[in-house]
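Engineer: Please read through the structure below; I'll follow up with questions.
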Amino acid sequence: MRERKTINPLHSTDALHSSTNLSQGKEKLRLKQEVGLISGVSLIAGTMIGSGIFMSPEWVLHHMGNPASSLLVWAACGLLATFGALSYAELGTIIKESGGEYIYILRIFGSFPAFLFAYTSVILVRPAGLAAVCLSFAEYAIAPFYAGCSSPQVAIKCTAAACILILTVINCLNVRLATSVMNIFTAAKLLALFVIVVGGLVLLAKGQTQSFQNGFQGTTAGIGTVGVAFYQGLWSYDGWNNLNYVTEELKKPEVTLPRALMIAIPLVTCLYLLVNVSYLAAMTPSELLSSGAVAVTWGDKVLGRWAWLISLSVALSTFGSSNGTFFSGGRVCYIAAREGHMPDILSMAHVRCLTPSPALLFTSAMSLVMIVSGNFTSIVNFFRYVCPGFLFASPVPLGFTWFISIFLHCLFEPGLLLSNHYWGEEQGSFSQTFCPWLTCDASRPPLLCCLHLQCL
């Protein structure tokens, strides 16, 4: 049986670093602490600013019914993200381990809830999110080559797959290279949003304020529609928690983590509000609702023949967001394997590049499977269905995830699942009560053991 670590997060900070014993335990291999404040801000803001702000405004306006209330929803979503970030900042400064929600669930609630979360996140949620963002990038990247017609699905999928492979190479080579790419693309997308904001301010200065007259007229009062509007807005804020996945790679995490969160999230919130004001200054609410891509319509009305810059900006934005998602998603797989919840090989790091290459390759492979087997719409619907936030609302995905997790754990580490060390002394028989067909001997090879399952 593989021995798992039990570390009190309030003690021994040195023990929290990922390490592999070399030369009979005298030499340790660790991931470098190369993520500073600027890179941390870039990771958060770069992941948050994806395709959402370029596509979601029309849906928030559609569900709220008028411009003023839609702006309030955008501000409230930013406030909710800030509250969440404050909670995560405290968790990250107490539990200075990478892994985000996984490591917090493990240290606070125990192994089994963390194990369920790990397999759900690593196999389903993270690859689905990465695949959706890369498909969104592919649609905007190849759109200029198919002007006047829809892009073929084969071209979109090939471009998305190429995007994932490029991100895999970048993140496997060097952490500093990956953070440099993040910094560059975050600067590019901030520049694009700044152009939209300035264009809107110029239009407001010229007196184009008709969209804000009687701004609250026709506000939707239904709780359900307001909730859907919040969901659309919060989709654009997704990624505010990504820095907690790489806590061990932060320089002075107790300082860098809270500062990066409190710089990035208010910055993104202000930009989102100003960009929405710019959209409403250039278009009437009816024009905005009828637009398939709000940012592209804004570019056509304001930039004229330079409107192609908006499509380029959206492509750059989604590529940068996918890089941030991939960078943090691979760490969840790496940490889960290090804690004994996934195969040992995924907890290994490259001895020269000092990157969790096996975990990154596994995340890449799962994302490629998602791209091959679905399109953007089906993957987004799948993501919404299996996302942990929805597990408590529907017993079907929870039961499905539970079953898959139990099976995979038996496949890789049957002895760990059956042991009292995993469940606690008083809960040692729970797994046999819940799954009486798990009769594996921990001394036998896991795969061979699972091929000889017997019903009692």
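Yeah, the Cβs are placed from backbone N, Cα and C, and that goes for glycine too.
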Engineer: Can you check which of 101-122, 431-452 TrEMBL lists as transmembrane segment?
Structural biologist: 101-122
Engineer: Name the residue range among 221-244, 389-412 that TrEMBL annotates as transmembrane segment.
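Structural biologist: So the range that TrEMBL calls transmembrane segment is 389-412.
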Engineer: Using TrEMBL as the reference, determine which range in 13-34, 35-56 is annotated transmembrane segment.
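Structural biologist: Based on what TrEMBL states, transmembrane segment spans 35-56.
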Engineer: Under 8 Å, at least three CB pairs between the transmembrane segment (184-205) and the transmembrane segment (68-89) (pairs 6 or more apart)?
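Structural biologist: Contact between the transmembrane segment (184-205) and the transmembrane segment (68-89): absent.
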Engineer: Using a Cβ-Cβ cut-off of under 8 Å, list the residues of the same chain that are 6+ residues beyond the ends of the transmembrane segment (260-282) and lie near it.
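Structural biologist: For the transmembrane segment (260-282), the nonlocal Cβ contacts are 37, 40-41, 43-45, 48-49, 53, 57, 67, 70-71, 74-75, 77-79, 81-82, 85-86, 88-89, 190, 193, 196-197, 199-201, 203-204, 208-209, 211-212, 236-237, 240, 243, 288, 294-295, 298, 301-302.
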